[in-house]
Structure formats: structure tokens, C-alpha cells
Amino acid sequence: MFKVNENYLKLPGSYLFSTIGKKVAAYKEANPDKSIISLGIGDVTQPLAPKIIESLHSAVDEMGKAETFHGYAPDLGYEFLRNAIAESDYKSHGCDIHADEIFVSDGAKCDSGNIQEIFSIDNKIAVCDPVYPVYVDTNVMAGRTGTYDPSTETWSDVIYMPCTAENDFVPDFPKEEPDIIYLCFPNNPTGTTITKAQLQDWVDYANKIGAVIIYDAAYEAYISEDDVAHSIYECEGARTCAIELRSFSKNAGFTGTRLGFTVVPKDLKAGDVTLHSLWARRHGTKYNGAPYIIQRAGEACYSAEGKAQLKEQVAFYMNNAKIIKEGLKDAGYTVFGGVNAPYIWLQTPDKMPSWDFFDFLLKNANVVGTPGSGFGPSGEGYFRLTAFGSHENTLEAIERIKAL
Ligand code: MLT
């Protein structure tokens, strides 16, 4: 008789956004007359920018002719895209990153979940708390996290670094030494970020203790303040301790189109072994690349026209963020984030448990958000709203919340 991977059985409940989806679907079924506004999952609502659509059309046409047809993509991704990334995302920010250190993929969610498999099972991970659930759940699946304590909602072999209003959402170096440190800035879920100087401290710390930082920069396009780094490679020494994950979902609306990339500098080594060679081996063995037409669409994001159109989209969402933030403040809420990220993190009224506030908001305002405790124990008493809705829905949702 076959046996299952028992690590999966250790996972409590289903994936956070699946649980929310089910709850909302049940509420809709019971209340078909209600108009529900979702500011829950961070999914975009604006259509793909015209330059991207133009590029998709022309790539589709290429696929219909023998002379310009494309089969399997090169292992690391097409050079036209990797060169554009290296130039615009790295060289222009003063980062020493080369096209052959960039691995194109179908998104940062998969990469952030898969990257752990190139590390030994007995490595200890450290995560911010609250945290994007993928980092922890995929380490659970791999069997790296020990046992789960339902009373504290923590894993015995995970180092949690609380990020709350008390420490300005900036994690402290943990007491216990980690091997792998997951950082996401600008942060999901809190919508806050750290300064470049603070990030430099993390790079120095990781180099000192021989840890690797897995740096999720999916929300980089939303940075509005000058003292925030757009890439961890702006920090000195990051080439020997950091892997960076990027996404086209949030800056260019590719949540349904799927495109992302991971940077593994060739200087990042465990003894003689480069992590680059392991990730390349993994990529080559398990993955056949993002589709040609999608990589062409990604390339369009880096053209002058594409950049201008995406800048407008980001500004559109950040205007929503402002509406949410100001509206909630007017209504008496304590709010964080929303300045360098499309997420607003609010304290629930009277320390109401996050899931109770979720039910309260769904029932009384027909607005869906994400309970802070779904991202980790230190998220209890907090709640996340996204700025990715339409302008009208955002205004309406805030009016409804104000009227409560
Ligand atoms: C979120 O809502 O946290 C994000 O949409 C999840 C994701 O990007 O996978």
C-alpha cells in the first residue's frame, strides 16, 4: 500500500485564501441579494496595459507561423527578457546582477514555495510574524518545521520574528541563529517596510552568521519613499547571502498571466557549491519555462511606453490605498502600511479577534478582508485590506465601513 507524505497531514486547515474563498462563497449562497466587495486576496483588477496587450498579440501571431514559432523556452528564460530585467531592475539601481543570474518563472508564489528544496532538511528557518503563508506551509510540506502547537499556532522548529506596532513592524534579529531567513519588503501582509539602512543590517547579520536571506520583493513597484531599497542587492554584501524573488503580478497585473523571476547570484555558496548551480539543476529538471508569449509580454513592461503605463497603474492602486487609509482613520481605526505597499493593516476595534472581525465585516458591511491571524499569531488583532479593488468598490467599501 502506498503511503502519503505525512508532513501534509500536519498542515492545519486549508490554505488561507482558500478558507476565505469558501467562507465568502457560503455567505453569498445564503445571501444572494447582497453585493459583496472583496478587498481580501491581493488580486489586481485593472486590465493589462495597452503596451502589454500589443506585445501579446504580436507574440501570438508569431506562434502561428513556422518561421517564428517557439517551442520550449531556454532553461533560465529568454535572453531578451533577462537582459531587460538585468538592465532596468538591477543595473539602473546600481546593483551588480547579471542576466545569467536571473531565472524566469511563472511567478513568485511558486518560486518562494519551491526554493526551500535546495536546502538541507535540518536547516532552521526564520520568518516574520505575520507572514505570507507560503513560506511556512511549504517548509511544513518538506518536513522542516517540527510539530505544530495549536494553542500558540506556531511550529516547534520555526523561528518567529514578531512584527507589530510595538516594534514598528521591523523584525529584531532572533535570539536563536537561523540558517534561512525569509524577508518580504515592502511587506505582505502589513503593508509596511524597512529602510535601506535596516536592510543592510540584515545583510550584514546574514553574512556574519552564514545564513541565506530569501528576499521577496514582489511589491517593489509600490515603494514611494527614497530611503527604501528596491532590491536587496542595493546593499553591500548581498551577493554572498541573498536570493531575491520578483513578480509581474502586482506591478503589471500578471496574476492571471503568470510571470516572475528569481535572482541567485553566483557568489552565493555553501562551501564550494553555488546555490545558482542547484537552482539551475532544479529549474532544468522540474520546469519547462514560462510561455514565450508571456515572456514577450514581460519584456513589454520594460519599454518606455510600458513603464509609463505601469507607473499609472501603480498610482491608481496607491490612490485606493490612500482612500482606505484616510477613510479608516476618519472612522477611528488605527492603520498602518499603504505608503510603500498596496496593503493597509488595521487594528481591529477593541482588540476583536481577527476572524470575528472578518465575520463582522462580511455580515454588516458585505466587505471581505483578510484576518491578520491567518498570517501568524502576531497578526491577531489586526486585519488586512488591499488597494487592488476598483476605484468605485474601494470608495463604496470605505463608506460602508464608516457607516458601521
Ligand atoms: C495575498 O493576498 O497575500 C497575495 O495575493 C497572495 C499572492 O500573491 O499569492
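Quick reminder: no glycine exception, Cβ is built from N, Cα and C everywhere.
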Of ASN167, ASN188, ASN320, which does TrEMBL put in the pyridoxal 5'-phosphate site with TYR72, ALA108, LYS109, TYR132, TYR219, SER247, PHE248, SER249, ARG258, ASN288?
ASN188
Of the candidates ARG384, ARG400, which does TrEMBL annotate as part of the substrate site that also includes TYR15, GLY42, LYS109, TYR132, ASN188, ASN288?
ARG384
Let me make sure I understand the structure: which of the binding-site residues listed (TYR15, TYR72, TYR132) has the fewest other Cβ atoms within 10 A of its Cβ?
TYR72
Please check each of the recorded positions GLY42, LYS109, ASN188, SER247, LYS250 and report the ones with a CB atom less than 6 Å from an atom of ligand 1, ordered along the sequence.
GLY42, LYS109, ASN188
Spatial neighbour of SER249 (pyridoxal 5'-phosphate binding site) that is closest, considering only the binding-site residues GLY42, TYR132, ASN188, ARG384 and their CA atoms:
GLY42
CA-CA, which of the recorded positions TYR72, SER247, LYS250 lies nearest GLY42 (substrate binding site)?
LYS250
Consider the recorded positions TYR72, SER247, LYS250 and say which one has the Cα lying nearest the Cα of LYS109 (substrate binding site).
SER247
